[in-house]
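Positions annotated as CoA binding site by TrEMBL: Leu118, Thr119, Val120. The domain 'N-acetyltransferase' annotation in TrEMBL covers 56-178.
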Amino acid sequence: MLCLKSEYLFITIILALGRGFDLFYCLKCVGVPVTGIDYIIGFLHIQVFVMKLTIMRLTALTQQDRTDLGKIWPERDIAQLEASLNESHRLYAARFNDRLLAALQLEISGIHGKVHHLTVREATKRRGVGQYLLEETMQQNPSLNDWWIADDGSDDQRIRAAFMQACGFRAQVDGWVK
């Protein structure tokens, strides 16, 4: 059995929930036997931080949100964007550790949803954040039956095509539909 005697022992585990990992698996990976987990959690100073990527509709922006959105969309006027938000013009973002990593704008017209400016911060690309943002946005708007994503020309078209196909969309002349 692993002997943990130091009162200064801190184990920090950062997880993205929903990716198949759980607390017991992670503690086991760092050498804590499953039978000793309850004992260790109860009697030692162990900090476990579980940080989840959260997809949320933003209706009012904090100063940190404005700063993060400025990094996501450096060419956009964030104050103008914030002023335009309402029930038919929505803003969704992926938040991790109190920072926005990706965002999209959703325009709603009846049962139709149009996604504009789906963008992931450069340092976070290729980690599933964009796909999770898109999937959760769609799930949070179940009344929308038709989805269209604008081809705004902001990304390499081959990369965009692969991404959109992975999300279940098919190409059209001016965008992607599902």
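Glycine residues also receive a Cβ, built from the backbone N, Cα and C atoms like all the rest.
Curation plays no part in TrEMBL annotations; they are all automatic predictions.
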For this session: Helix, strand, coil: count each for the residues of the domain 'N-acetyltransferase' (56-178), based on DSSP.
Result: 41 helix, 42 strand, 40 coil
For this session: Return the residues near Leu118 (CoA binding site), defined as same-chain residues 6+ apart in sequence whose C-beta is under 8 angstroms from its C-beta, sorted by sequence, else 'none'.
Result: Ala102, Ala103, Leu104, Gly130, Leu133, Leu134, Ile149
For this session: Using all protein chains in view, find how many other C-beta atoms are within 10 Å of the C-beta of Thr119 (CoA binding site).
Result: 22
Exercise. Within the chain of Val120 (CoA binding site), which residues six or more apart in sequence place their C-beta under 8 angstroms from its C-beta?
Worked result: Ile72, Ala94, Leu101, Ala102, Val129, Gly130, Leu133
Exercise. Over the domain 'N-acetyltransferase' (56-178), what is the model's average pLDDT?
Worked result: 91
Exercise. Apart from Leu118, Thr119, Val120, which residues in this chain have a Cβ no more than 8 Å from the mean position of the Cβ atoms of those residues at the CoA site?
Worked result: Ile72, Ala102, Ala103, Leu104, His117, Gly130, Leu133
